[in-house]
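The next block holds one structure in the form of structure tokens; read it before the comments.
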Amino acid sequence: MKRCYLILTVLIMGIIFSSTSVFAESANELDEKVDELEEEKNQINQEANGVESEVNETEGKIDENQEQQEETESEIEVINSDLADTQAKLQAKESDIAATNNKIAETEDEIAKTEEEIQELKDEIEALKDEIKELEEKIDSREELLKDRLRSIQQNGGNTSYLEVILGAQSFGDFINRATAVTKIMDSDKKIMEEQQADKEKMEENKVAVEENKEDMEEKQEGLEEDKQDLEDTKATLVVQKQELDGIQVTLNDQMDDRQNLMEQLETEEEELHEHKMSLAEEQETLQQQATVIEQAKKEAKQKIEQLAEEQRKEEEEANNSSGGPSDAGVQSNNNPSLSAGGNGSLAWPAAGTKTSNYGYRSFDGGGFHYGIDIANGKGTAIKAVADGVVSRSYVSSSYGNTIFIYHPELDLTTVYAHLNSRGVSSGDSVSRGQQIGGMGDTGHSFGDHLHFEVHIGGWKQHNGVNPLNYLP
Ligand SMILES: [Zn+2]
């Protein structure tokens with residue numbers, strides 16, 4: 001504003017003294033101009049210093065953010081390797097449990113088989129017992145039969161023995177007959193009895209063998225039952241170990257979630273820190289280009305005022321005209337029915353769309369200040385100059401993307417349009433209110449198609465934007 005008054009003073013003095021002394025006027029003007037330039041240079045230097053400390057501060061924040069990200073990443077790596085380790089252990093446990101289950105099943109099969117064998121042996125023992133009993137009965141009845149026969153022989157021969165039977169022969173032929181008969185009876189009885197005795201002994205041996213076999217089998221079954229119990233114990237231990245590992249895995253997963261959330265937050269924060277940060281070199285270049293354009297614009301504005309003053313003087317000299325109303329500098333209507341800011345309306349909306357971010361502090365911790373507003377809409381949506389002015393810079397910035405700066409001399413404001421898809425104007429171009437200057441885009445540090453719009457009083461300065469809503473209808 002000071003500079004404005006300075007220009008006006010120079011202008012008025014110029015008009016007053018123009019008719020008296022041409023030399024004085026140009027000398028005066030030159031001095032004033034030198035002073036003005038000197039002042040502007042000082043101001044630029046001051047601005048550059050301020051900017052440098054702001055950039056340093058942002059860079060510090062970015063460094064801090066980067067350090068935190070690296071730390072979190074290495075924590076994630078550790079958790080990842082812990083997780084891989086735990087998963088490998090879990091897999092080993094699971095295969096151990098599967099193997100133990102197989103062994104248990106095998107052992108159960110064997111136990112079942114052994115039980116069957118024991119049952120078979122028991123049946124065999126029972127069968128042998130029956131057979132032995134049968135044989136004993138047979139031997140008993142045979143003995144009984146022999147006794148009967150002997151008794152009948154003795155009865156037949158009175159009180160005689162076999163020998164008496166033989167000796168009682170009437171003739172040699174009778175003797176032979178008698179001896180043969182007795183021998184036959186004796187031999188056959190003896191043979192039968194011997195055979196039966198042998199059978200019985202064999203059966204008994206067999207029974208002992210089968211009983212031994214059964215005992216062996218029962219021992220084996222006991223061993224198998226013990227094996228099975230051991231396997232069940234092993235399995236129970238493995239299951240407990242697996243549960244512990246599951247618990248560890250859950251904890252690790254939770255830790256991982258925490259780290260990933262932190263990482264996302266840090267990344268968002270980094271995006272925000274990067275979004276509207278210019279390098280010192282870029283900033284100084286912008287300030288320099290802007291200074292040249294603004295100087296020129298002011299010069300032109302001054303000429304325009306001079307011209308108007310001249311015209312007015314002529315009109316007054318003629319003194320026969322009614323007053324011409326001021327040009328249509330009145331209130332402009334809202335050019336954006338979907339958005340309403342309620343400001344003074346000295347600027348028109350730069351684009352149609354949805355306001356996705358306000359001027360002010362970002363919502364998250366350490367998010368910094370947002371020096372403009374964001375308007376989102378489709379790619380290529382028309383971006384319009386918000387007032388008459390001159391393009392003070394049109395270029396591609398690594399952070400702002402395709403960017404246009406417009407200086408509005410009548411309002412002494414600068415407006416900034418960032419992340420454009422295309423630029424339709426160049427530095428030094430004059431633009432009028434509502435003129436399309438480019439299309440909406442997603443260039444630079446941007447996340448989705450949107451317009452980042454800033455308003456600055458006087459020239460542009462990094463982190464010096466004021467709330468655009470105060471100027472929008
Ligand atoms: Zn923005």
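From the backbone N, Cα and C atoms, a Cβ is placed for every residue, glycine too.
Remember, TrEMBL labels are computer predictions, not curated facts.
Remember, predicted model here, so these are calculated numbers, not experimental data.
Features as listed in TrEMBL:
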| type | residues | note |
| --- | --- | --- |
| SIGNAL | 1-24 | signal peptide |
| REGION | 34-71 | region 'Disordered' |
| DOMAIN | 132-205 | domain 'Peptidoglycan hydrolase PcsB coiled-coil' |
| COMPBIAS | 194-212 | compositional bias 'Basic and acidic residues' |
| REGION | 194-232 | region 'Disordered' |
| COMPBIAS | 213-230 | compositional bias 'Acidic residues' |
| COMPBIAS | 304-316 | compositional bias 'Basic and acidic residues' |
| REGION | 304-342 | region 'Disordered' |
| COMPBIAS | 320-341 | compositional bias 'Polar residues' |
| DOMAIN | 369-460 | domain 'M23ase beta-sheet core' |
Next on the checklist: I'd like the per-state residue tally for the compositional bias 'Basic and acidic residues' (304-316) from DSSP, helix first, then strand, then coil.
Outcome noted: 13 helix, 0 strand, 0 coil
Checklist outcome for this item: Mean per-residue pLDDT in the domain 'M23ase beta-sheet core' (369-460) works out to 93
Item to check | the compositional bias 'Basic and acidic residues' (194-212), counted residue by residue under DSSP: helix, strand, coil | outcome: 19 helix, 0 strand, 0 coil
Checklist entry - Reported in the order helix, strand, coil, what are the DSSP residue counts of the region 'Disordered' (34-71)? => result 38 helix, 0 strand, 0 coil
Item to check | DSSP helix/strand/coil residue counts for the compositional bias 'Acidic residues' (213-230) | outcome: 18 helix, 0 strand, 0 coil
Item to check | Residue distribution over DSSP helix, strand and coil in the domain 'M23ase beta-sheet core' (369-460) | outcome: 0 helix, 51 strand, 41 coil
